[in-house]
Amino acid sequence: QVFDQACKGVYDRAIFKKLDRVCDDCYNLYRKPYVATSCRQNCYSNLVFRQCLDDLLLVDVVDEYVSGVQIV
């Protein structure tokens with residue numbers, strides 16, 4: 001599922017796919033179902049999503065992802 005109905009911001013399919021990919025990659029890294037679920041909670045505005053960015057070595061583009069979270 002690309003779109004989370006709980007998100008109240010702008011619906012932008014490209015941004016959702018990008019944020020969702022982080023959660024998918026993080027799940028593939030750890031293979032724990034709760035990782036994927038927790039990562040998507042609160043429209044990606046949570047500590048698990050931020051930790052996934054770190055774990056996937058995306059720290060140099062964190063601001064880009066954070067601004068995406070703020071849009072959705």
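Here the Cβ of each residue, glycine as well, is placed from N, Cα and C on the backbone.
Here is what Swiss-Prot says about this protein:
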- GLN1: pyrrolidone carboxylic acid (MOD_RES)
- PHE3: D-phenylalanine (MOD_RES)
- CYS7-CYS43: disulfide bond (DISULFID)
- CYS23-CYS39: disulfide bond (DISULFID)
- CYS26-CYS52: disulfide bond (DISULFID)
- VAL72: valine amide (MOD_RES)
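Secondary structure at CYS43 (disulfide bond), taken from DSSP and collapsed to helix, strand or coil, is helix. If you take the C-beta of CYS23 (disulfide bond) and look for same-chain residues 6 or more apart in sequence within under 8 angstroms, you find VAL35, ALA36, CYS39, ARG40, TYR44, PHE49, CYS52. CYS7 (disulfide bond) sits 6 Å from VAL72 (valine amide), taking the CA atoms of both as reference points. If you measure from the Cα atom of VAL72 (valine amide) to that of CYS43 (disulfide bond), you get 7 Å. Separation of the C-alpha atoms of CYS43 (disulfide bond) and CYS26 (disulfide bond): 16 Å, rounded to the nearest whole number.
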